[in-house]
Amino acid sequence: MFRKPKAKGAIRQRKNDDWDEPNGENQEDSDVIEVKKASVPRATVSFDADEGADSIFKLKKDKKKVEELKRQHKLEEEAEQIYKEEKERKEALEKIVKKEKQSRENKITKNEKQKYLDKYRDKSAKHISNTEAFEYDEHLNIDSEAISSVSNKFSSVFEGIPDSRAVFEAKKRRERARREGNQDGYIPLDDTQKLKSKNERNRLIREDENDDSDEECTNKFYSARELLRSEEDRRREEQEGFLEREHGDDETNVRTRDDDSENEEWERQQIKKAVSRREIGQLRTEKRNTSKLFGHHAPAEDDTAMDMDIDLDMDVQDILAKLKLRIQEREEALNFRKEERRKLEQSIEENKSMIGKLEMELPNQSTKYTMYQELRVYSRSILECLNEKVDEINSIVDKKRECGKARSIRLLARRRQDMKDQYEECTQGKSVKVGEVVSRVAEREARRGRRRRERESTLSGISHEEGLSTDDEESTQQTLNDKKTCDEVEAVATVLFADALEEYSDFRKVLGRMTDWLAVDPKSFQDAYVYLCLPKLSSPYVRLELLQADILRNETVLTSMQWFKTAMLAGSENTEIDQNHDILVELAPAIIEKVILPFLIDTIKDEWDPMSLRQTKKLAMFCSIFEKIPNLTDKSKQFTGFLAAIREKIGQCFEEDLFVPIFMPPGVIDQPTGRQFLDRQYWACIKLIKSINVLSPLISVAARFEFIIEKCVNARCVMALRIGCKNDVSTERKIRGLFAELDDSLLMMGGRTSFQQLVSTLELVSEAQRDAGRIFHKDIKKFLARLER
């Protein structure tokens, strides 16, 4: 494992201790290694370094300080003595506790061991073969030769684990051998001889080491692993001993150096305790003062900075400088205090002014608070009320609209069926009519007769053309049903707010609550966006009034409605509100845009008939104020939707209701039914042109030109004039009726190309009228001159 050292170096130094045997005749004499006393190196800081050995360093100490140091040392010794006693007492106590604990554990172990032996004393143990016993050692890194040598030495052990009887017999044989004497085959109790073997050095085997009779370990057995482990421990100890002897001098030097450093540190600590920095500073000051007193020149000293109070030399200038510095600091502190006082006084004044302002605003704030509390309760109450009433309002509005929509659908279907029947009658001639056609013809002629008699009684002296009247008459039963439905709706609308207080049912009072808020706190009114909620809040009241008005059957002016007057006079009762406030001025236009227009869009789509000149005039009367409202422009979504609904409805009339039959001129002249049907369709076109012109405040000139000139005049009226008679009086009435509807704005909108068909047709009619000797051709020439301009 390592190189074997020399013989003389391997001799171990032995010392005789008190416990060694006095008679050691059998021990070998060993060489005594003389250890030289290591010289202690000189300390780096020592009082004997610069002076002779006979010089003595004396430090004069103050008597009081000496006494204080003695007292401190005495207290330290007493404290150390008390600490040692306390420590010894604790150690004694711990030993007692440990001993008691160990005795209890030994007793428990002994009891368990006795129980185990009693249980298995008479039972034989199973013998384990060598292969089975040492099967767990196969993974150990052990030399096979070492195992075999150990097995040869302790063959009896490796043959198998003995049972309790074998152990008992071995113990008896051992005791018998000891009693009979020192014979071969046993180990003496008191043996100081050396046991030598091939692989072991000479070594003193002590009594307790040779004694194999361990009473406490009666059941201890040997194994190959334990023997090899003890062999390795022995070799390791020998190597450590060799290294200790080889490096013994270096370790001694290290210990010597450590002792020297400890001594130096102790000296420095003692010097620090004896002399303080404060005393050094005082001694230096006294030395300088003494030198000045006796006129000696004191050498310059390099004083180091010390954190201590030292008495220095002060002159008058230094004192004055210090005083000036202190006065300056005091003035700065005083100025700082003055500035703080000024700020505090200013803050106090501001707080007082704020308190006064708040006291002045207290009545106003109290009024606001009261108003907010009342408005909170009122808002919740009116919302609850309207949530219940809105559903009822929507139901009756829908009910009446469904009734009007059904009536409009019936009238449109009947009118278009009559037009088809008349056209078939003209094309088929005097064929026999059967079935429903006869009943429809009879009903149609009866309705026309009733309308004619009514015109004669009311419009006497005024000419009327067939096709200008609207066939909206229905049967008596249907009329009664519709009237009953309208009466029910009217009754429900009248008593809808009967169970509500006047504060919630009257739109004027509801709006007055909102204007009071605007008068008390305009800023919060605008910040809460209440002005955007007012149209929606007024919607139930406005829609209920529109439902009762029935604008397509009754002449209704929007400006004369109660809600409009209330919106225009909002805030007039409160003198604190400016009547020209933007919110008040824009209230009525906002209601028209967000409430009226959606209602009108549904009415136009479901109930309005453009071929009914009466309905169109009433609708135009109601909407006459729209052109004066600034927010109804092409940027308004609701207004754009309103115009789109009108345009769609008029377009349906051009496609479904205006039909001009194409007959040969001889056929039209010979058949009175064909001539009457053609005239009626021509005058239906004129009636639609009249309806479009009635809506001129709402419809633009370009839209009217498209409807009237392009879709009606050029596509239908010109064809009817070309087919019909051109030299009779009826033609003159037709053309005069057309000229009456073509105003200057329409004529100026188009060019010669747009009016080319009309011009050519009028020239033909003018020649026919001139040939017939009529002067109407002059009026036609004037109209053509207007077109050329």
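Even glycines carry a Cβ here, placed using N, Cα and C.
The coiled coil annotation in TrEMBL covers 56-119 (among others).
According to TrEMBL, the coiled coil annotation covers 320-361 (among others).
According to TrEMBL, the compositional bias 'Basic residues' annotation covers 1-13.
The compositional bias 'Acidic residues' annotation in TrEMBL covers 18-32.
As annotated by TrEMBL, compositional bias 'Basic and acidic residues' applies to 171-182 (among others).
The compositional bias 'Basic and acidic residues' annotation in TrEMBL covers 191-207 (among others).
Taken from TrEMBL, the feature compositional bias 'Basic and acidic residues' covers 231-258 (among others).
Per TrEMBL, the feature compositional bias 'Basic and acidic residues' maps to 266-289 (among others).
Mean pLDDT, taken over the domain 'GCF C-terminal' (510-655), works out to 91 on the 0 to 100 scale. Sequence annotations record features per position, and here TrEMBL assigns domain 'GCF C-terminal' to 510-655.
Positions annotated as region 'Disordered' by TrEMBL: 1-33 (among others).
The region 'Disordered' feature in TrEMBL is assigned to 171-218 (among others).
Positions annotated as region 'Disordered' by TrEMBL: 231-290 (among others).
Residues 403, 407, 410-411, 414-415, 418, 421, 609, 611-614, 676, 679-684, 686-687, 733, 737 of the same chain lie 6+ residues outside the region 'Disordered' (444-482) yet bring a C-beta within less than 8 angstroms of a C-beta in it. Taken from TrEMBL, the feature region 'Disordered' applies to 444-482 (among others).
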Residues in the domain 'GCF C-terminal' (510-655) grouped by DSSP into helix, strand and remaining coil: 105 helix, 0 strand, 41 coil
